[in-house]
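Have a look at the structure below, then the notes.
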Amino acid sequence: MTLFEIIILAIIQGVTEFLPISSSGHLLLPAELLGWVSQGLAFDVAVHVGSLLAVMIYFRQEIGQMTVAWVTQGFSKQQSTDSKLAWYVIVGTIPAVIIGFLMKGWIEENARTALVIAGTTIIFGLLLWYADATAKREQELEGLTLKQAIYIGLAQVLALIPGTSRSGITMTAGLMLGLKREACARFSFLLSIPVILGAGLLATLDLLSANEAVDWYALLYGAAFSFVSAYLCIYLFLSWIARIGMLPFVIYRLALGAVLLWFVFA
């Protein structure tokens, strides 16, 4: 890969990991438009590391408080808000882990097509618009319940379908349950930590078994640009989402889906 390709792909990973706009669709475009080949397992690991570091550093205070609270109070009857939130992240992650483990091979073989990605980009974009337009959006993250965390975790399973957008579907579920936009985004980003970590570990295991040649400079640049773009994305999204709402992202998803459909049927 050239340095230009590394930078573009790393930025795509960093931004689309957290915005509700589907990473699958964006990673498909360079291949369709420019004929870029697959970036390889090592690069995939590197950009996941960059995204993971970004979200963990941004939420370092919350993660520290949740970890301490969970270790000291996790199995007691009296639990603080931080301890409960830690449990909710764990509970919300379990459905995607189980279904992902069972269905990963089938999904990769049958669902990772341009037509599927285009369809899910449009359909779940419209669902995001409906949730944002009709939901009450009154509840803070501190008021999240176990039942709500389970529902959001079950919704996250749909993100295994390429084009859905993990952040998009979890925010959609949160909005439908009455959470404020920023609360939906914060819980979605916290849920991303074990998901990105798991995806990175799986890619690492695949890399070790593949015995693939490693370009360390490409990995360093990939991780760095993924980190910077992801961190800025998280910061700006949380700063603006309460004011701008989800409509700009919905419009963008519809446009992206239309472009992908054009590639399919052209």
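Just so you know, glycine gets a Cβ as well, placed from its N, Cα and C.
Residues or ranges marked as transmembrane segment by Swiss-Prot: 1-21, 39-59, 87-107, 113-133, 143-163, 187-207, 218-238, 244-264.
Between the transmembrane segment (244-264) and the listed ranges 1-21, 39-59, 87-107, 113-133, 187-207, the one holding the most Cβ pairs under 8 Å is 113-133. Taking Cβ pairs closer than 8 Å, the transmembrane segment (1-21) reaches residues 27, 30, 36, 39, 43, 46-48, 50-51, 54-55, 128, 165-168, 171-172, 189, 192, 196, 215, 218, 221-231, 233-234, 237, 246, 249, 252-253, 256 in its own chain, all 6 or more past its ends. As a quick check, the transmembrane segment (187-207) and the transmembrane segment (87-107) clear the bar of 3 or more Cβ pairs under 8 A, pairs 6 or more apart, so the two touch.
Away from its own ends, the transmembrane segment (87-107) comes close to residues 66, 70, 74, 79, 144, 146, 149-150, 152-154, 156-157, 159-162, 187, 190-191, 193-195, 198 of its chain (Cβ-Cβ under 8 Å, at least six residues beyond either end).
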